[in-house]
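Asker: Okay, so Swiss-Prot annotates it like this:
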BINDING   CYS81, CYS86, CYS92, SER323  [4Fe-4S] cluster 1 binding site
DOMAIN    93-312  domain 'Radical SAM core'
BINDING   CYS107, CYS111, CYS114  [4Fe-4S] cluster 2 binding site
Amino acid sequence: MTQPIARSIPLQVVSGDTAAPASLQTGVKQIGGDKINRSPVQFVDAPVLRKPSWIRVRIPSGNAVQNLKAKLRENRLVTVCEEASCPNIHECFSHGTATFMILGEVCTRRCSFCDVAHGRPKPPDASEPASLATTVADMGLKYVVVTSVDRDDLRDGGAQHFVDCISAIRASAPKTRIEILTPDFRGKGRMDRALEILATSPPDVFNHNIETVPDLYPNVRPGADYQWSLTLLQRFKAQHPTIATKSGIMLGLGETMEQVQVTLRDLRAHDVDMITIGQYLQPTPHHHPVMRYWTPEEYKALEEYGNALGFSHVASGPMVRSSYHADRQAAGAGVAA
C-alpha cells in the first residue's frame, strides 16, 4: 500500500490591524502575494512538499490548447481552467472542453487555496451571455460548465447573469447540457433572491463546492460559512427535485479521514447527488500549503464510502476537480447529453 505523505505546517493568524492594507481599484487584479498577504490568514515557514508520482500531469502535444485559447480570446471569454491554474487544463483543452468563468476575472473573496485574483470587480458585461452562447455553439459542445467569481458587490450575487447565460446557450445550442458551479450567494436576502432568479431558467446540474471540512473554514474559506453552503444546496434541490445537485471537496489542507467522512454524510443529508474529491495543489508559495498528499488507495476508499452513502456518482482521485470530466459524471448520474 502507498504510504501517505504528511507533515505539520505552522499557521499564523494575522489580525486585521497588522495585515497589509488593501488598495483596490476597479478591475485591477491582486494575485499571489498581493492577494494572500492582505488576508487575515498567513502561513509561516512552510516549505513546498515534493509531489508524489501519482500527481504528475501529462502535457499532450499539438495545437489544440492554443487554438481553443485563441477562440476564447476572440470572444473575450475567460475560463476558470486558466484563472485558477487547473492542473488538467492541457487534457481538457486538448479535447475541446472548458469551464467558462463569467462575471469577470476579479473575485471579492480572498480564499487561501484559490489562485483567482482578488479585487474590486467591474460591472457585469451585458454582452457576455451572447458571446458565451456563440462560442458554445461554434465549438459544438454537448456539455458545458459555467462558473463565476464571488460577486459580493451584487445584490443577487450574480444570479441573473447566470440565468442570462443559461438562456442564451439554450437559444443558440438547445442540445447542450448546462452545469453551473455557483458561489454561495451569502449575505442578507441574497440566497433568497438568487434561488428565485435561478428558478426562472434552471440548469441541468447545480453545483456548489463545499471545498473543505468545517473546522478548516477559518483558514481556507474566510468569508464563507459551511452551513450556509449546505443550506444553499438543499434549498435548490427542494425547489427542483428532478435536477441533479453536486458538490466538491479538496484534500490535503489538514483534514482527517473522519472529518471528510462527516462532510460526505452532511452533503448526503442535504440532498446532494454527486460529489467530487480531489487533491489540493498549492498554486503559489503564498497560498495555503499542502499538508499532505492523500494516496490513491485513500481516494478509492472514499469513493466506496460515498457510494455506500447513496451518492448517484462519486469521482474521487488525486487529479479530480469539480468540473473535470463533468460530462461523464453527469452521465453517470443520469443526466443525458
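Glycine is no exception: its Cβ is also placed from the backbone N, Cα and C atoms.
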Asker: Return the residues near CYS111 ([4Fe-4S] cluster 2 binding site), defined as same-chain residues 6+ apart in sequence whose C-beta is under 8 angstroms from its C-beta, sorted by sequence, else 'none'.
Answerer: GLU211, VAL220, ARG221, PRO222, GLY223, ALA224
Asker: State the count of C-beta atoms found within 10 angstroms of the C-beta of CYS107 ([4Fe-4S] cluster 2 binding site), not counting that atom itself.
Answerer: 25
Asker: In whole Å, note down how far the CA of CYS114 ([4Fe-4S] cluster 2 binding site) lies from the CA of SER323 ([4Fe-4S] cluster 1 binding site).
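Answerer: Given the Cα positions, SER323 ([4Fe-4S] cluster 1 binding site) is 15 Å from CYS114 ([4Fe-4S] cluster 2 binding site).
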Asker: For SER323 ([4Fe-4S] cluster 1 binding site), just give me the three-state DSSP call.
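Answerer: DSSP call for SER323 ([4Fe-4S] cluster 1 binding site): coil, neither helix nor strand.
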Asker: Return the average pLDDT for the domain 'Radical SAM core' (93-312) as a whole number.
Answerer: 93
Asker: Per DSSP, to which secondary structure element type does CYS107 ([4Fe-4S] cluster 2 binding site) belong, with helix, strand and coil as the options?
Answerer: strand
Asker: By the DSSP assignment reduced to helix, strand and coil, which category contains CYS114 ([4Fe-4S] cluster 2 binding site)?
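Answerer: Reduced to three states, the DSSP call for CYS114 ([4Fe-4S] cluster 2 binding site) is coil.
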Asker: With every protein chain in view, what's the tally of Cβ atoms within 10 Å of the Cβ of SER323 ([4Fe-4S] cluster 1 binding site), excluding that atom itself?
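Answerer: The answer is 29.
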